[in-house]
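First up is the structure itself, then whatever we jot down about it.
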């Protein structure tokens, strides 16, 4: 029976079990991951992150081909054991874990490339946490009809791809946002192949202050259920509201989630507009468990 030494971490309440497996010799099964993430019988988490060197995984080899400095791969899994392409909060916590575990060195202001299933993502250490360049984004998936429990009227959502799929839904006010029961999976028509993360948003009043937009969001994450925060979901929500607000909408946003607040910034690059996510990353405790 193997012993798994792990660290519990969180970014605005989006929590993860992280463990180091540099040589790729300790993969977990979907069943083991689901047991670890169970909040009653396991450690409890929204997902599991394995720290593995990119050269030890086929997906990591692709990351190295893209950027030879992407030594580390974020092998991320949802709470149900399914593999995920990307996690905006998770990658910040992952880099904090690599630093605290002395697997990498990263000074304030420096950037570290990390391999993910959606490509290489650059993470910068800041005075207040970490900022990750989520790369190019695109409208994808059209405008599916979204039904959620306790919301009596179906709404049109906006599909956005950030390396993982999102559908963003605008609600009328705070009371609607509070009433949605996200313990149930929102129903999408047409249903995207492989599912999607679904974000429900309302604007602050005023929507824009001092050139910065602000919205409030709740999310149902594919494979994990409702979480206190979703980093790529916050970015998708800000992008959607900017899209709806028109050409004079700002390129910088605060997104309030149940677990705190994250920053989203859109900026031009040579290969198109990118979106960056900034926020805290905390390591909570370490532990060990016996794997069945």
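Quick reminder: no glycine exception, Cβ is built from N, Cα and C everywhere.
The substrate binding site annotation in Swiss-Prot covers 14, 78, 88, 89, 164, 197, 221, 222, 231, 232 and is backed by sequence analysis. The annotation active site, proton donor is assigned in Swiss-Prot to 87 on the grounds of sequence analysis. Per Swiss-Prot, active site, proton acceptor is recorded for 230, and the stated evidence type is sequence analysis.
With the fewest other C-beta atoms within 10 Å around its C-beta, 87 stands out among the active-site residues 87, 230.
Counting neighbouring Cβ atoms within 10 Å of each of the binding-site residues (14, 164), the lowest count belongs to 164. Here the Cβ of residue 231 (substrate binding site) has 29 other Cβ atoms within 10 Å, regardless of which shown protein chain they belong to.
Secondary structure at residue 14 (substrate binding site), as computed by DSSP, is strand. The distance from the Cα of the residue listed as 'active site, proton acceptor' to the Cα of residue 164 (substrate binding site) comes to 12 Å. Residues within less than 8 Å, Cβ to Cβ, of residue 221 (substrate binding site) and separated from it by at least 6 positions along the same chain comprise 46, 78, 197, 227, 230, 233. Separation of the C-alpha atoms of residue 87 (active site, proton donor) and residue 14 (substrate binding site): 10 Å, rounded to the nearest whole number. Here substrate is bound by 14, 78, 88, 89, 164, 197, 221, 222, 231, 232 per the record. The longest Cα to Cα distance in that group is 17 Å. The DSSP secondary structure for residue 164 (substrate binding site) is coil. Every protein chain considered, the tally of other Cβ atoms within 10 Å of the Cβ of residue 88 (substrate binding site) stands at 29.
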